[in-house]
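As annotated by TrEMBL, ATP binding site applies to Gly9, Thr10, Ser11, Ala12, Asp13, Gly14, Val15, Asp16.
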Amino acid sequence: MRVLGLMSGTSADGVDAVLVRLEGRSARPRWRILAGAHTPYPPDLRERLVAVGQGRPLDAAAWLTLAEELTEHQAVAARACDPQGRAELVGCHGQTLWHRPPDGERRGASWQLLQGPLLAELLGRPVVFDFRSVDLALGGHGAPLVPATDAALLGRIGGWRALLNLGGIANLTLLPPPTGPDRNAPVQGWDCGPANTLLDLAVSRFSDGRLPFDADGAWARQGRIDEGRLQQWLREPYLQAPPPKSTGRELFGAADLDRRLAELGAGVEPADALATLTAFTAAVVGQDLARGPRPLELLVAGGGTRNGFLMEQLQRRCRGMAVRSLAGHGIAEDQREALAFALLAWWRWRGHPGSLPSVTGARRAAVLGVMAVPPPSGG
Ligand SMILES: Nc1ncnc2c1ncn2[C@@H]1O[C@H](COP(=O)(O)OP(=O)(O)OP(=O)(O)O)[C@@H](O)[C@H]1O
Ligand SMILES: CC(=O)N[C@H]1[C@@H]2OC[C@@H](O2)[C@@H](O)[C@@H]1O[C@H](C)C(=O)O
């Protein structure tokens, strides 16, 4: 089956799309990427999406307009990747506006903005969306969801294999080895902490809004890391908590950046602040990987793979493992999450459970997603 996956993540830089052929066993499908495309958000739409995610109030009419514009942009991204309309099914994540992890007895909740039936009508295809809700209803975190798709799409190696997403938020997957005492261990996965959310906010602030990110980490590279402060940040409660755990801009957003910059000192040089924040992202991952089974390799995806300074810090702080790009396995750095949502949609189509309670903490596995089917043409 030809499935189109659409993913727009917490950095809200745009929509990643992948057209993939999926066939065979649901648990371990044969797959081949047919096309990929990234469609940036128009600056005005991006500004509004980030602002409402940080608490800007909107009236109901404006919310409806935002949801409609976002949905129409998902259709633009779909057509950019699949202009001939070869997809038979579409999986669309939507845009996360707020994520509230479970807290004690209070279940979690998560909002991915999208008008699924409208997208189904615009594309003339069945669309699967709202992937997180049923896991949250079952007491889980509803995130991260990619550990399940990583396990299905990528083979195992002679030891533990780790995969890292360096998007707005950093999240890890740990795949157990195929043999040995850990061969029956469950797949692990969790949100580590900030990847680029704090960096992007800091760069935008230091450049008076002229720059969206620190290209290749060149600005941070000029600075000096405040290692003492970084080590103090590593002891924060979220970073010390065991999985299951999930997060977002709610914890690692503008207010968090304000606090960290204040702790670095009022006169901190932008380069020094960026160097410390970049090293902090890598150190969080290194601290997490040092706690569990030591992986043989760390495969990295997400926009952060284009930050050379961040990748150097990662190699330095994740000792004893080979740090490689996922691109070497036929998945470009901006395709992994879109591919995941194509597979999750395919699983929904087949009635195959897509969640991993060992990752999200849900009471049980479940089939994820709501499916909107376009009315018959001429209907
Ligand atoms: N050339 C570059 N140099 C440095 N950083 C870059 C570069 N290109 C992209 N990035 C970073 O990658 C980020 C986008 O990465 P990505 O698209 O993987 O995030 P996302 O999918 O929106 O987030 P998440 O995975 O947390 O949902 C940008 O916000 C920016 O910080
Ligand atoms: C609520 C939400 O959108 N969470 C995202 C975010 O971005 C990365 C990390 O936090 C991950 O947990 C998740 O997305 C990926 C695709 C996931 O669910 O695996």
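Cβ atoms are placed via backbone N, Cα and C, with glycine included.
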Which residue among the binding-site residues Gly9, Gly14 has the fewest other Cβ atoms within 10 Å of its Cβ, if you could check?
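If we count Cβ atoms within 10 Å for the binding-site residues Gly9, Gly14, the smallest count is at Gly14.
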Taking the Cβ of Val15 (ATP binding site) as reference, which residues of that chain separated by at least 6 in sequence fall under 8 Å from it?
Leu6, Met7, Ser8, His38, Thr39, Tyr41, His73, Gln74, Ala77
If the ATP site is taken as the center of the Cβ atoms of Gly9, Thr10, Ser11, Ala12, Asp13, Gly14, Val15, Asp16, which further residues of that chain fall within 8 Å of it by their Cβ?
Met7, Ser8, Tyr41, Gly167, Gly168
Under 8 Å Cβ-Cβ from Asp13 (ATP binding site), six or more apart in the same chain: what's there?
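The answer is Pro40, Tyr41, Arg46, Pro212, Gly303.
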Show which residues of the chain containing Asp16 (ATP binding site), separated from it by at least 6 in sequence, have their CB under 8 Å from its CB.
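Once residues fewer than 6 apart are set aside, Asp16 (ATP binding site) is near Leu6, Met7, Ser8, Gly9, Gly36, Ala37, His38, Ala77, Asp334, Gln335, Glu337, Ala338.
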Measure from the Cβ of Ser11 (ATP binding site) and count the other Cβ atoms within 10 Å, all protein chains considered.
22
Using a Cβ cut-off under 8 Å and a sequence separation of 6 or more, which residues in the same chain sit near Ala12 (ATP binding site)?
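Set apart from Ala12 (ATP binding site) by at least 6 residues yet with Cβ under 8 Å, we have Tyr41, Arg46, Leu49, Val50, Gly53, Gln95, Gly168.
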10 Å Cβ neighbour count around Thr10 (ATP binding site)?
24
Can you tell me which of Gly9, Thr10, Ala12, Gly14, our binding-site residues, come within under 6 Å of ligand 2 at the Cβ?
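Once distances to ligand 2 are taken from each Cβ, Gly9, Thr10 fall under 6 Å.
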Among Ser11, Gly14, Val15, please name the binding-site residues whose Cβ is nearer than 6 Å to ligand 1.
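With ligand 1 as the reference and 6 Å as the Cβ limit, the list reads Ser11.
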